[in-house]
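My structure is below; once you've seen it, I'll send some questions.
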Amino acid sequence: MEDSLTTITTAAIIGAGLAGCECALRLARAGVRVTLFEMKPAAFSPAHSNPDLGELVCSNSLRSDDIASGVGLLKQEMRELGSIVMEAADATRVPAGKALAVDRDLFARHITAVIEAEPGITLERREVASLDDPALASADVVVIAAGPLASAGLSDSLAAVVGGQLYFYDAIAPIIAAESIDLSIVFSGSRYGEPGEEGDYLNCPMNRDEYDAFYEALLAAEKVPSRDFEKELHFEGCMPIEALAERGPRTLVFGPFKPVGFTDPRTGTRPYAIIQLRAENRNKTAFNIVGCQTKLKYAEQERVFRMIPGLAGAEFVRHGSVHRNTYVNAPRVLADDLSLRADKRVFLAGQITGVEGYVESAACGMWLGMVLAARIQGRELPTPPPQTALGALLMHLRTPVKNFQPSNANFGLMPELGLKVKKRERKPLYSARAREHFVRWLAEAGVTPVIEPLLPTAPDTTGAAGEETTQAES
């Protein structure tokens, strides 16, 4: 532990997104005077439009809320640690089956209100375009939480310190007006008719001819060209639908358009493909086209997506778009405490570190705030073990690999179970093991949970036969 970091009294945080807000609150509540810089509304990135803090730009879904999934497990850990993002998400959630989706405007408003009400935080709405900005000079620590859309000036300044930067594309799915959906074709329901999810999703069934026509149109559609200085590096979890389609004609049917578990009520048979629509808000006045992130030109989006059965008259509330995401090669440029190896006074948090996703970004900012708050108390906070969702995510940022890529929370980041178990038992076992390790870590690290820790019951694997665990599911 460095002596200078035991006397933190002031902090400057660049970026009031999910990670920045999480970190700011942790530090302010530990007695640190925090200046939180947010460039909106004076300047907006290509993907942002809401002046509120904590804006969600890619989707209104925070993905699965089931603790038998990597991201669901991470959410539970964050709830127990008192995450403001999870507080806001739970307060503004909209029906989405097993997923945690939110009303994005109410969500951002909730976070903004909490930040503005915190006496230890001064919110400055202006852009910080360089690490040499005079406003940063007096801060004991500087946190860059500018997100994947960090401004060009700040990105260049950071690149000068770390010796370079990496980037990839993130694509946004179109949103359509609910009243423009043809409900004589589109039907509501969940995969396998799971209870509690009825009506959370709308489903557009496709027969083989309809799918083939859509597929050919998608491949032929005109795309927004990349800028000369940008090389396309897609993250698998948010790949443009047209890029996915280029892998082969059946890729979509086995991926986002898989029809398994659905029956078309018009025919009584399983469709060849299913395209799902997910509610954007509580009133269900708008739906996003699930899995259809795209970089097609706007006119082409309208032409191609209106070929989907039931969407012939679709009114586009927001077109899909593509923006550049910026992140560092974390294992090379970051120390274990998320400080820059080249400048221990500067820390990174959120997606710019190489975590991927809303929840993961928030978790990263929350963790950094916890680490620095502990140092103020004169102690080092031990990292959760890699068997936990948070620990596994942090381990990803520390593990050198030849081609570092962003990752979301998934069981594949964790140590293998080392057991021969049936496939359906793997996720519950990963989850149960994670809960045991996390609760033990809370006690050993002296961290008091905000809510009672949840301990699931692991499946009985006595005498279980099945394939050995080789690759964990997310």
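Every residue number used here counts from 1 along the chain in the order it is shown.
Just so it is clear, glycine is given a Cβ too, placed from its N, Cα and C backbone atoms.
Keep in mind that what you see is a predicted model, and the values were worked out from it rather than measured.
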Pick from 189-210, 453-474: which range does Swiss-Prot record as region 'Disordered'?
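When 189-210, 453-474 are checked in Swiss-Prot, region 'Disordered' belongs to 453-474.
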Give me the non-local Cβ neighbours of Leu18 (FAD binding site): same chain, 6+ apart in sequence, Cβ-Cβ under 8 Å, ordered along the sequence.
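Looking at Cβ-Cβ distances below 8 Å from Leu18 (FAD binding site), excluding near sequence neighbours, one finds Gly54, Val85, Ile111, Gly350, Tyr358, Ser361, Ala362, Gly365.
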Relative to the Cβ position of Ala19 (FAD binding site), how many further Cβ atoms are located within 10 Å?
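Other Cβ atoms within 10 Å of Ala19 (FAD binding site): 35.
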What other residues of the same chain, not counting Gly15, Ala16, Gly17, Leu18, Ala19, Gly20, have a CB atom within 8 A of the CB centroid of the FAD site?
Ile13, Cys21, Glu22, Cys23, Leu53, Gly54, Ala145, Ala146, Gly147, Ala349, Gly350, Ser361, Gly365
Within 10 Å of the Cβ of Ala16 (FAD binding site), how many other Cβ atoms can be counted across all chains shown?
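Result for Ala16 (FAD binding site): 28 other Cβ atoms within 10 Å.
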10 Å Cβ neighbour count around Gly17 (FAD binding site)?
30
